[in-house]
């Protein structure tokens, strides 16, 4: 009711027809590869009894998030590239914004839970089955989804209860916080502070838990000092650590900063990294670095 803007218009990635077609083909292939990789990983985890463990239960949740993240934004972007249909309604923009922030937030908390899981596996291997029980894993996964949804509800209410009465061109290929805030004709300073504070507290809390978990893992490795311990620890934690660095680096660059540092061109590149290429790389990273996943995939393929 506060808004006089009924729709927003995405600024295209390129106005040249030949470049648009090339980008459409490229992003379509990336999207299809992302879908195929994560669906294959989910099928392998579900079908193979050897992967019915806490680590792979959490990895299955990560693959589900990696399916949702590009699905929220990429189809609309492909439509804009191919059909030049760049408009999105105000409710549609709100829903896209809410869904994306929920998925991104949930993934941050899920990666934190996965770091704790790796800490227990390395530092308390004998007690791992009793600590990381099915009940606890289900509770932790449910808590990550609930926290992500509540965090997104707060951010979305702060952004979309502003007044929008002027320009409606979003300098992005989806409804993200910085470019939408830039279009408001209300004062956004106080709400930006709240968004930064909430994102900073939750993000830094998740980051601290992840870092502390890996510090304990490192101390445990140094204390044991047994042959092959470094290789075993890296095979256990290497995939997760790679995904964490990739995801945290891109999301922090996008969200944890004031709006006056917003750069449309740079942010499009960064958002594509965590919105399209990170979900593509995650199943590849876990498949290449994990013998159990590779064996499970071979078994599934042979059964098919």
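Cβ atoms are placed via backbone N, Cα and C, with glycine included.
Bear in mind that TrEMBL entries carry predicted annotations, made automatically and left uncurated.
Record features (TrEMBL):
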type	residues	note
TRANSMEM	20-44	transmembrane segment
DOMAIN	37-286	domain 'G-protein coupled receptors family 1 profile'
TRANSMEM	56-74	transmembrane segment
TRANSMEM	94-116	transmembrane segment
TRANSMEM	136-154	transmembrane segment
TRANSMEM	193-217	transmembrane segment
TRANSMEM	229-249	transmembrane segment
TRANSMEM	269-288	transmembrane segment
Top Cβ-contact partner of the transmembrane segment (193-217) among 56-74, 94-116, 269-288 (pairs under 8 Å): 94-116
Could you tell me what the rest of the chain brings near the transmembrane segment (136-154), counting residues at least six beyond its ends with Cβ under 8 Å? 54, 57-58, 61, 98-99, 101-110, 112-113, 198, 202
